[in-house]
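If you look up TrEMBL, you'll see H102, D140, H349, E353 marked as divalent metal cation binding site. TrEMBL lists 1-24 with the feature signal peptide.
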Amino acid sequence: GWAGGPNICMLLFCVHLIRRPLQCIQPLIVLPSRSFMDLKALVSSLNDFASLSLAESWDNVGLLVEPSPPHTVSTLFLTNDLTEEVMQEALQKKADLILSYHPPIFRALKRITWKTWKERLVIQALEHRVGIYSPHTAYDAIPHGVNNWLAKGLGVCATVPLHPSMAPSYPTEGTHRVEFSVVHTEHLETILSNMRGIPEISSLITLPARAEGEEQTRVSLNCTQKALLEVVALLSQNSLLYHKTEIMLLQKPLLPHTGMGRLCTLSEPVSLSALTERIKSHLRLPYIRLALGTGKTLEAKVKVAAVCAGSGSSVLQGVEADLYLTGEMSHHEVLDAVARGISVILCEHSNTERGFLSELRDMLATHLENKITIIVSEKDRDPLQVV
C-alpha cells in the first residue's frame, strides 16, 4: 500500500463528491450577450467623430429617425443611400441604427403615408424600431473624411481644403470689436452709460492712454452685427469720438485640414491617361467620363487636381487646376472648365463617395472601441450604370 493510504483514499472520495455538484452548476453559467450602446451615447460618439457643426447650412444632418426610448444599438448599418432595397437589407441584418451618408429625409415631410418611398422608409424604420442617422457634408469636411479618401485615388499628393471650415464659434463674444478714445473724462460716464444700454454688447472695458500729448481713456467693446449699428449711431453724434473710432471684424479661426473639397498637388506630375487608370482602380469602376481641356491630350501632365466628392460644381467653380475630379457637373459647367484648359473627370455622384464606407467602418470600430457590430450595405449602389 501507499504511505498514508487511508488519508489519500478519503481525499479522493471527497474530490469525487465535489465534482458532481459542479457538473450540475455548469449549465447555469450565462454567456455574455452581444455588445451594445445606448442610442444617445452612440449618437454623441458619432458627433464627436465628426462635428455636425461642420455640415453646410443647407444640409439636414444628425439623428433623423429616433425610436421611442430606451433604444440600444448592437448593429450599426452603413450605407451611402438609403433606398427601399437597402432598408430591407438592413432589417434582414437586424440593424438597430442605419447611418446613411445621404439624408433620406431632406425636405420637410407634410405627412407620413405609404404613398412615397421616403415616407415608407420612415414608417418601416419606426415599425421595426430602427434609428436613422445622417452625417453628409460633415463627413465631406473632416480631415479623415470622404474628400480625403477620394484624393487617395490620385496617388501621393499634398492636399488642402478648397473652402476651409471655420470654428463653430467666435474666439470671443460678439462679431465686431469697437475701440474709441475719450479725451474729456467728464463725458466718459455718460458715454459708457449709453453704451451699456445697448443690448448685445459685451467685454466693455476702459484703459488709460496717452496720444498727442493728451491723457485719454481708450474704450473697447465687443458687439453683434445688430448692436454695431446702434454703437456707430451713438458715436456719430460726437464727431470727435467718431473720428477716433476703430471697428474690427472678429473672424472665426480656421480649422486645420478641414473644409469642403481638396486641392491636391501631386508629388510627381502624371499623365492624364495614367491618372484616369488610377482613379478607376481606386473607385473600382470600369468606366469614367472624361472631358479634355482645350489644348490638352491624354498625355498632358497633371500636377494639380481639384477634388470634390458628389456634386462638385459650386465647390470647384473658379479653382485653378489641371484637372477637376468629381461625381457630377452640368453640361455648361463642364464647357466652362474645358474652355479654361481644365480637364474634367466625372464618375457619377455616389461613386465618388461609396468606397469611403469601408474605411469608415474601420475608423468607427476603433472610435467606438469595438462595442458594437458595424456592417456595410451590399445592396447600396449608384442608380446609373453604363449599358
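Indices start at 1 and increase along the chain as displayed.
Positions of Cβ are set from backbone N, Cα and C atoms, glycine also.
TrEMBL labels come from automatic prediction, so no person has curated them.
All features noted in TrEMBL, drawn onto the structure.
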residue	record	contacts (Cβ under 8 Å, 6+ apart)
H102	divalent metal cation binding site	N80, D81, L82, S134, H136, S350
D140	divalent metal cation binding site	V146, N147, M260, A309, G310
H349	divalent metal cation binding site	G310, S311, G327, E328, D382
E353	divalent metal cation binding site	N80, Y101, V146, L150, A309, G310, G327
